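K.L.:
Let me begin by handing over the structure; questions about it come next.
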Amino acid sequence: MKTLGRVLTAMITPFNADGSVDFEGAVTLAKHLLNNGSDGLIVCGTTGESPTIDNEEKLKLFELIARECGHLGSIVANTGSNNTQRSVSFTEAASKTGVHAVMGVVPYYNKPNQRGLFEHFKAMANATDLPVIVYNVPGRTGGKITPATIAKLREACPNIAAVKEASGDINVAAEIYHLLPEDFMIYSGDDGLTLPMLAVGGCGVISVASHVVGNEMQAMIQAYEAGDVVKAKTINKELFPIFKAMFVTTNPIPVKCAVRQLGLPAGPFHLPMCEPSDEEIAVINEAIKPYIK
């Protein structure tokens, strides 16, 4: 059931000068990404500055991207938060916009235990018929969901379909692959770990770097799947400067600057995200230079 694709881009959200969502620019960017290596998009995720966009704008963006771009790839709405009741109601609303799947992050700050995480994601999954991606990113949330809890969730809720695994620990992905059925999708949440994660059961990546190197990310995964590990390693080595530059400061600051340099819609940041330093800009520009046409 690997239906969402191999390369899903965690898309930035373009803003207008007044801070409102640039809906026209978002469609332009989404089409560009889907025509340049991305099999799908995560809309209003962390990279899309979701904490600073109100739900009405998010729902409008979900509906617009699904309508204008849904024929080009999988559109995934980020609907989770650290409030289960709000996550459930927002998931219900997003499911009516035409998106293909939803994603929820491990609740942040309030640090629930594994039982609480099970009940949280079960409630989200029961609120929709769409596939649900569980997003595990301890570095941002202060908590983590275990492979055993993910397996228990899948048994209880067949539409728990995937995990975005961003703990930085390959062993976690390997254990998920061991415990979950073959059709469960394991996505790397770290561009730099995409290739090694494929070796332990991963199916692809939810990527930031694919804003710049989507075709190259796709080629790397396809080479690995075709058995050409040497080619995959070579591509991965070539992409390493991009992977590193995209996290020279807090995501999504570097990638939004990179998208601007590519001449694509991006716009300003919403505070507390802000412009990078001159030194950081120099690192970003040097890394993306080979990819500016």
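Each residue, glycine too, has its Cβ placed from N, Cα and C.
According to TrEMBL, the site 'Part of a proton relay during catalysis' annotation covers Thr46, Tyr109. The pyruvate binding site annotation in TrEMBL covers Thr47, Ile206. For Tyr135, the entry in TrEMBL reads active site, proton donor/acceptor. The annotation active site, schiff-base intermediate with substrate is assigned in TrEMBL to Lys164.
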K.L.:
Can you tell me how far the Cα of Tyr135 (active site, proton donor/acceptor) sits from the Cα of Thr47 (pyruvate binding site), in Å?
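P.N.:
Just about 13 Å between their Cα atoms.
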K.L.:
Under 8 Å Cβ-Cβ from Ile206 (pyruvate binding site), six or more apart in the same chain: what's there?
P.N.:
Leu8, Thr9, Ala10, Ile42, Ile133, Lys164, Tyr187, Ser188, Gly189
K.L.:
Please determine which of the recorded positions listed here (Tyr109, Tyr135) has the lowest count of neighbouring CB atoms within 10 Å.
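P.N.:
Candidates: the recorded positions Tyr109, Tyr135. Fewest Cβ atoms within 10 Å: Tyr109.
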K.L.:
Which of the three DSSP-derived classes (helix, strand, coil) applies to Thr47 (pyruvate binding site)?
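P.N.:
DSSP call for Thr47 (pyruvate binding site): coil, neither helix nor strand.
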K.L.:
According to DSSP, collapsed to three classes, what secondary structure does the residue listed as 'active site, proton donor/acceptor' have?
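P.N.:
Once the DSSP labels are grouped into three classes, the residue listed as 'active site, proton donor/acceptor' ends up as strand.
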K.L.:
Please report the distance from the Cα of Tyr109 (site 'Part of a proton relay during catalysis') to the Cα of Thr46 (site 'Part of a proton relay during catalysis'), rounded to the nearest angstrom.
P.N.:
15
K.L.:
Around Thr46 (site 'Part of a proton relay during catalysis'), how many other C-beta atoms are within 10 angstroms of its C-beta?
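P.N.:
Summing over all protein chains shown, Thr46 (site 'Part of a proton relay during catalysis') has 20 other Cβ atoms within 10 Å.
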K.L.:
Measure the Cβ-based neighbour count of Thr47 (pyruvate binding site), defined as the other Cβ atoms within 10 Å of its Cβ.
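P.N.:
The answer is 22.
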